[in-house]
Amino acid sequence: MASHLSNIYGSEQDKVNCSFYLKIGACRHGERCSRKHIKPTFSQTLVIANMYQNPAHDPNCKLSEAELTAYFETFYEDVFCELVRYGNLLEMHVCDNVGDHLIGNVYARYDWEDEAQIAVDAFNQRWYAGRPLFAELSPVTDFREACCRQNDMGECNRGGFCNFMHLKEPRSSLVRELHAQQRVERKLHPSARDQERAREIADFARPAPPRSPSPRHHRRPGSDDHSPPRRHPAEELDSSPAKRTRRPDDPDRSF
């Protein structure tokens, strides 16, 4: 029974826990959901709910596509540079869905759980664009499972109301540049954890000292306890002093 429950945990067959919340960190039913939303007490991932306000969702928006792209990339860079202050940021994603539970959500995954917790505590005391921020730890660990595969192939017929993530992606060159800048900053101003990790890597890469010869290599042949006793040639035994001085009529002579 226990193995069966562990196999269906978080799947659609699980009638107790909400599979959407475990995969995506959000559910369209919210607190009214008939299944449990188990909020993690520690996680590498955080979510800032409804942070990105997409101007394209305004029916009176008159910005061009180029201006909308520039607006989003400015937002992405601004938030990324703020997130890296609290730890080693591995990835950041912005939802392009229009459902209330996903619209404008910003997800960030750190290298360590305590870094995500520090960021959550900090962002819950911050405002952005005149609005307070609401951050919490998220159960999402694999964004490949959380994203809509049909949308990645351009075949999702649910549009922005899909219950899986539709991510709004910045230019790849911008993402590479931001991560490269983060590596440079951490190299110039390493944290205590970075310094400890650098020492561990240096210790691991340091060549081992040469091994000294074993004392067994300096022993004379036959002195090792495990080596067989030395056998002498027959002529050596015959030429020994005892053999030469022994007379034929010696009473202790044996055949």
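Note that the numbers count up from 1, one per residue, in the order the chain is shown.
The backbone N, Cα and C atoms fix where each Cβ goes, and this holds for glycine too.
Because the structure is a prediction, the values reported are computed rather than measured.
Copied from TrEMBL, the annotated features are:
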COMPBIAS  182-203  compositional bias 'Basic and acidic residues'
COMPBIAS  221-235  compositional bias 'Basic and acidic residues'
DOMAIN    12-40  domain 'C3H1-type'
DOMAIN    44-140  domain 'RRM'
DOMAIN    142-169  domain 'C3H1-type'
REGION    182-255  region 'Disordered'
ZN_FING   12-40  zinc finger
ZN_FING   142-169  zinc finger
Apart from its near flanks, which chain residues at least 6 from the ends of the zinc finger (142-169) lie with a Cβ under 8 angstroms of it?
-> 20, 23-25, 28, 52, 54, 72, 91, 93-99, 102, 107, 109
Across the domain 'C3H1-type' (12-40) the predicted model averages a pLDDT of 83
